[in-house]
Amino acid sequence: MQDDARVDELAITVIGRDRPGIIADVAEVLAGLGMNLTDSTMTRLRGHFAMTLVCTGSQGGEAVEEQTGSPALEDVEAALAPLAANGSLVTTVSRVRPEPAPESPGGHYVLSVHGADRLGIVASVARGLAEFGGNITDLTTRLSGDLYVLVAELDLPAGADVDLIHERLDAVARALGVDVALRPAETDVL
Amino acid sequence: MTSVAGWSIEDLGLNGEVRPVVRAPAPVLATAGERVDPCGPEVLQLAADLVATMRVSPGCVGLAAPQIGVSAQVFAVDVTGHPKARTVHGTFVLCNARLGEASQWNKGREGCMSVPELTGDVKRAGRVVVVGDLPGGGATEITTDAFEARALQHEIDHCAGLLFLDRVAGAHAIHTRKVHL
């Protein structure tokens, strides 16, 4: 694998104490380096700010005129370092290879799980899906008092036996004492 | 008031041309379309082109003029045979359409030929009254529900320069979609 000091795609995480302006600060740093913030998700997890994003070297960044290409990973780390200097935020920067989204010929599904909180809900449900080649593409969990909620989107492989997956998930649900529902993610193309 | 049931695209006697479908971020998709003269010859041809393009596009149940690059308040709809359709008016084209009444709101996931790789969760009325003009005909009023109601709202939005992206239910209500065509 070529170890190029200049990067095409960087994965960045920012986690820490929430305050107004974190997204503006991070986005300004990236724009200033000519990095194009592409896919990202940002939310609050139990009050902590959490940001995960992938950015690419861009020809159209604000301060790219002086540059001959994408900045090095170390440049991005250095530019983000002041944000983490007071200890309220933790940032990571990793180089990643561009990945095409895999095909999902077996269909797209939404999984909902809710019930009394207990250890191992995510582990058991996710393992049950993985055994059938189910690929979780999006997942959110929330603990609200004693209520635990998991909502996931997943792709099933071609020829997946959906009835069998339902049976497996029902067995998992019974063992955990939670309710599980798997339904097709219906999209109406208009 | 003319009935949609008494209107047919075939009665226009025009050969519709299949036009390329424009994809976001084309500016025309974000521009409010002009009101049109429903009896103008260019509008009749546009109606025929919309129906022709809709019919050759797999799974397409509606197509608005901005989606073929024309900034005008004209769209075609046909939800015949769709499993979520209840009331069905067949193939029809509306000009200058407005949502009159809207009720029974519900959220559903929508995709769009002009935004082929994303879907979004959008709240739409499950029961609507739409007023508009039939190409070559007079003013009409359509009362419908379920999937045809959703399609009408989606197309009326296109004519106003709005995409489903403008109405998504929240920051986590946009999803990626692999297109298998």
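Just so you know, glycine gets a Cβ as well, placed from its N, Cα and C.
Features of the protein shown, as given by TrEMBL:
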- B:Cys112, B:His154, B:His158: Fe cation binding site (BINDING)
- B:Glu155: active site (ACT_SITE)
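Cβ neighbour count for B:Glu155 (active site) (all protein chains, 10 Å cutoff from its Cβ): 27.
Close to B:Cys112 (Fe cation binding site) in the fold, though at least 6 residues off in sequence, lie B:His154, B:Leu163, B:Phe164, each with a CB less than 8 Å from its CB. According to its DSSP assignment, B:Cys112 (Fe cation binding site) is in a strand.
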